[in-house]
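Taken from TrEMBL as is:
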- A:73-277: domain 'ABC transmembrane type-1' (DOMAIN)
- A:25-47: transmembrane segment (TRANSMEM)
- A:77-96: transmembrane segment (TRANSMEM)
- A:108-131: transmembrane segment (TRANSMEM)
- A:151-175: transmembrane segment (TRANSMEM)
- A:204-229: transmembrane segment (TRANSMEM)
- A:256-277: transmembrane segment (TRANSMEM)
Amino acid sequence: MTAVATRPPALPQAGPGRERRRTSWLLLPAAAVVLVFFFYPLAVILWRSFTEPSFGVGNYLAVLGDEVQLRVMLRTLRTALIITAATLVIAYPYAYAMTLVGRRARSVLTLLVLMPFWTSLMARNFAWYVLEQRGGVIEKALAAIGIDGVVLLGSVAGVTVAMVQVMLPFMVLPLQSSMLSIDRSLLHAAGSLGARRPVAFLRVYVPLSMPGVLAGVSVVFIMSLGFYITPALLGTPQQALVAQVIGTQVNDLLDFAGAGALGTILLVVTLVVLAVLSRVAAPLGTSAAGGADRG
Amino acid sequence: MRRRIPTLLSAALLLTTAGCAISEGGSNSLVFASYGQGAYQAGQRAAWLDPYEQQTGTTVTIDGPSSNAKLKAMVEAGKVTWDVVDTDASAAAAVCGSLLEPVDMGAQAAGFPEGSLTDCGVPDAFFGMMLMYDSKVYGKNPPAKLADFFDPKQFPGRRIIYGGDPSVGTIEAALLADGVPRDKLYPLDMRRALRMYDRIRPQLSITSTYGDQQQRMAGGQADMALIVSARAFSLLKAGATNWKVVPGIPVPVTWDVLVVPKGTARAEEAKKLIRFASQPAQAADFAARAGVGPANTAAPAARSEIGRQLDIWGEGKEDLRVLSNVRYWAANRPELVKAWSDWTTG
């Protein structure tokens, strides 16, 4: 999904129709994987959510009529939104800096942002666990500057901090690749037309980087909606997100159909978010929804 | 047309690998699903599986972690790879006949604590829900009764409980603390129990795994805890000796059972293993290794220092232990678990 951040230069294509026919078989292995390992299970989940224990929309009505489930859904949306906003605020200047520095410094910055990819998710979560716990580094550091008693472990804040770190690469990479394609001489042009530097940046650079912003925002937001391990480990059931509630329904209640209904609702919410974002992205000449531009 | 061949080949390859992913052992082997690395599974390996292998020549492989959801998925899909599964008693009783095979224990049935053996679930480990406190925090004025756990005024401090499954004595402990007589616990007054937990909600941490609870207690993240004895055993064994068990108070008791999933091709062999593990010597050996209560009344009581603190079967304990009503739990599980998870996540 990160590859869509920049718009590929429109190459002149000879006979696109025939080209497409000739190469479409390349997609078949991928299609087979998706069909067998994604669509089939998804279809089973959907089917069960509408047929167990009896045919109808009972499971969906149960979720929508359940105050706690709705509260958890809203909490999940709010948490995902906060994570996305925080990730964007941190990633934007970082990605911008990456486009300004020399090649070697850029490799180092890329390395730093990719680090989370190379460490096991569990190792990272346990590292955060140690940092965030009572008497941990974070509490001690904050106490040293006069802020006492901040224990992030077991709070939404603690989960958010850890998830922002996990999500950073998904925001930085599309931003950076989008920014690299921006012609910086446009900023000079704006300057020569009388725009002061902050104005030129806000009116010229930021709009041009919007495809990257939208790609990053949609990936991070959607991944945050379904996150399971980090909230389960660093949070507590008191602030459970949808994925954990689904986990309880499957593991403790063996209610596969009810869990399926909740999962389907989460999927629909995700698709709606995607649709809205692609709507927003369309005038920018890119599709944030992960669909590549079609030649 | 020629171009389609690689496609078909790759698709076919994919489908066959998907089909072969589930391997099934031979007739002379069994798969035993337990809870993963730790004193519990290691104890089962040493006390039951190794001697059983030696005696019968059957190879027993351990898989896990045990999961009721996975078991349900296996049985429904008709691809059962587990032959014997260690799971909790009330969940097993709830799916007896639909997902599990009945296990006839014959004359051995008399060896189990009264009321603990059900048609499909053969008890293999008993747990007490223990009240523990950090002696460094409470010093000379430690909590002395269950009600103290729910009294943040007299006993300030952070509480911790395991919140994944309420059927481990969590509800019973609150009701006993509130003065419900032990013989009047069932049917459970869930709302009354939740009102007790409301009192300590600001001080309460709820963990979704036992491991997390144990970790947080060892790391000084809590001052008082309701914790199952097997985890208390691991905690004390790992050297967290500042944690003390409150003695002489009622202890809700729950247990794990061994079950045979419906549809395994080796059901008879699986039942043989269960009968083997249920003998007094095997039950006692496992109980001593894992720090759990033995599932056989003929097994001798715990002898180790830690084992004695957590003992639920010894002399003088019969008036304190309160055995769970698994049949009640099995019949009302969905409502009870839902009410509990609504309270914890709400």
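Each residue, glycine too, has its Cβ placed from N, Cα and C.
Owing to the predicted nature of the structure, the values given are computational and were not obtained by experimental measurement.
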Beyond the flanks of the transmembrane segment (A:151-175) by 6 or more, those residues with Cβ under 8 Å of it | 2, 4-5, 75, 79, 82-84, 86-88, 90-92, 94-96, 98, 113-114, 116-117, 121, 124-125, 128-129, 132-134, 136, 138-139, 209, 212-213, 215-217, 219-220, 223-224, 227, 230-231, 234-236, 238-239
Same-chain residues at least 6 beyond the ends of the transmembrane segment (A:25-47) with a Cβ under 8 Å from one of its Cβ atoms are 256, 260, 263-264
Could you give the residue numbers and ranges of same-chain residues that sit at least 6 residues beyond the transmembrane segment (A:77-96) on either side and whose C-beta is under 8 angstroms from one of its C-beta atoms?
-> 109, 113, 156, 159-160, 163-164, 167-168, 170-172, 175-176, 179, 209, 212-213, 216-217, 220-221, 224-225, 241, 269
